[in-house]
Amino acid sequence: MSRSSDTTRRTPPGILLMRSIRGKDWSFSTYRYVVLFVTFIAYACYHASRKPTSIVKSVLYPDPNRPLGNGQYPWPIANVFIKERFSDTGINRMRNKGWAPFNGPDGTSKLGEIDVAFLACYSLGMYVAGHLGDTLDLRLFLTTGMIGSGIFVGIFGMGYFWNVHVFWFYLVMQMVAGLFQATGWPSVVAVIGNWFGKRKRGLIMGIWNAHTSVGNITGSLLAASVLNYGWGWSFIVPGAVIVMGGILVYSFLPAYPEDIGFTCPQGSATTTNVAAEFNDEEAQISKRNVVRGEINTASQHGSVGRKSVGLLEACSIPGVIPFALCLFFAKLVAYTFLYWLPFYLSQTEIGGEYVSVKSAGNLSTLFDVGGVVGGILAGYMSDKLNARATTAASFMYAAIPSMLLYRTYGSVSKTVNIVLMMTAGLFINGPYALITTAVSADLGTHSSLRGDSRALATVTAIIDGTGSMGAALGPLLTGFISTKGWDAVFVMLMIGALIAGLLLSRLVIAELSEKTCKPMSQSSGQQSVGAHVTQPLLSDRR
């Protein structure tokens, strides 16, 4: 492959270096593993950089009504989950005073405003980022977003070292960071959709979507591990990690198969036969375009010169609006746990004891462990049942009793708290993961999109952008409602989960009707309007 061809397709420099060292190229299936790995690391870094605010909440705003710990030794292992201990130095002294402007009577409200500032800019930026992602080079776009996110997350933490006590400084830093973070999700889903067909997409993306929980866990552990050195380090370290992730993306991520000389598995390349050649059942095939005319044709559809669709056209794709509205409430619930669970754990008596701020952050990671299982299980079930909407709605309904049990019995003992927390994480994160991955990718390659137009990033942005509005609303409401008591917060979350499930009712009915009336519908060739919404999404496994 010539140097000019590599330049035209913008082959990542790390891949060019690999080719020069090895003297030969990787196979198509190897590149798929590389794409899965790099995008997994990329979005794990995004989520890791969002966790510090939830970890430091109890440091910025100490609860004046909370009793001090008794200084006893850890439960259950080493210093992972330790009871609160106070001294006259370091983080414990700050734990009593807090950090202005968040340590006043309106501290939780201000913390909620910080969260909503980030998420509002994130959700609004998502719509623009999705359209740009379908227009610009996804690799460069994603790299810019990651490095920008890291810079402004780090600047937020520098407020500790600069002794900044002005509310607008932290507000602005979160808003700008939210805009940069909006580049992440549409880009990584679009890249995965470009490299993988629809077969077993739910399972593949369910496993791949573990990056969300891995990022949350990593961010929590990183932020908690350096908290004793000053809360500013809890932002600087994750910020540095996402910058390094951006360098990895720039060096090794091929956004499209065409960028490195392969045809696209979605059919946007030269012929329909070539598209069928790269179905998931035949993922091992790695035939390269050897005719220069074919290479030039493929390269026109790579990172350079791809057509995008508008927001209105993407919204008109059947199924986009119902899933987007469902995700609004699903993310309202999920992000309330993401931003407030460590704070809730540090200020709630568990088995007659209170855990430290650091331990609350560590303990909250088990919610995301349950989320990993939930994402994989939801993807697998949706593939087996051939029913995305039914799976998502079932999980949202199951999340209601799981949250009720967690609030009611989570304080009985630490063991019970962990089990119920992981169960709640499974049902809450399952549909959230399914909708933002497999469903978005299905809709982004919908059959109604004709020609070479692609809407992967745009559709993903519409669905996740709408969901992020709910993600912004949940933590904001929690900041105000928590002053009335945590029971009220959990009632809000259970209502949100109920509404999320109900919003998919029409699609669920269509899926169930399609299964019960399948012979009739195949013979007549007629389907209901609702069936048109779901059949193109999940008809591959028939």
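Placed from the backbone N, Cα and C atoms, the Cβ positions cover glycine too.
According to TrEMBL, the protein carries these features:
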COMPBIAS  519-529  compositional bias 'Polar residues'
DOMAIN    38-513  domain 'Major facilitator superfamily (MFS) profile'
REGION    519-542  region 'Disordered'
TRANSMEM  30-49  transmembrane segment
TRANSMEM  116-133  transmembrane segment
TRANSMEM  140-162  transmembrane segment
TRANSMEM  168-196  transmembrane segment
TRANSMEM  208-227  transmembrane segment
TRANSMEM  233-253  transmembrane segment
TRANSMEM  320-341  transmembrane segment
TRANSMEM  361-380  transmembrane segment
TRANSMEM  418-443  transmembrane segment
TRANSMEM  455-477  transmembrane segment
TRANSMEM  489-509  transmembrane segment
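Below 8 angstroms of C-beta separation, residues 50-51, 53-54, 57, 115, 119, 216, 314, 364, 367, 389, 392-393, 396, 399, 403, 424-425, 428-429, 431-432, 435-436, 439-440, 443, 459, 462-475, 478, 482, 489, 493, 496-497, 499-501, 503-504, 506-507, 533 of the same chain, each at least six residues beyond the ends of the transmembrane segment (320-341), sit close to that stretch. Counting Cβ pairs under 8 Å that are 6 or more residues apart, the transmembrane segment (30-49) and the transmembrane segment (418-443) reach fewer than 3 and are not in contact. Taking Cβ pairs closer than 8 Å, the transmembrane segment (168-196) reaches residues 31-32, 35-36, 39, 42-43, 46, 49-50, 53, 113-115, 117-126, 128-130, 133-134, 138, 141-142, 144-146, 148-149, 152-153, 155-156, 159, 204-205, 208, 253, 255-257, 264-266, 280, 436-437, 440-441, 444-445, 454, 456-458, 460-461, 464-465 in its own chain, all 6 or more past its ends. Here the transmembrane segment (208-227) does not touch the transmembrane segment (455-477). Their Cβ atoms form fewer than 3 pairs under 8 Å, with each pair 6 or more residues apart. Between the transmembrane segment (116-133) and the stretches 140-162, 233-253, 361-380, 455-477, Cβ pairs under 8 Å are most numerous for 455-477. Over the domain 'Major facilitator superfamily (MFS) profile' (38-513) the predicted model carries a mean pLDDT of 80.
Tertiary proximity for the transmembrane segment (361-380) is limited to same-chain residues at least six positions away from its ends with a CB under 8 Å from its CB atoms, namely 54-55, 80-81, 202-207, 209-210, 212-214, 216-217, 220-221, 223-224, 227, 337, 341-342, 345, 355, 391-392, 395, 417-418, 421-434, 437-438.
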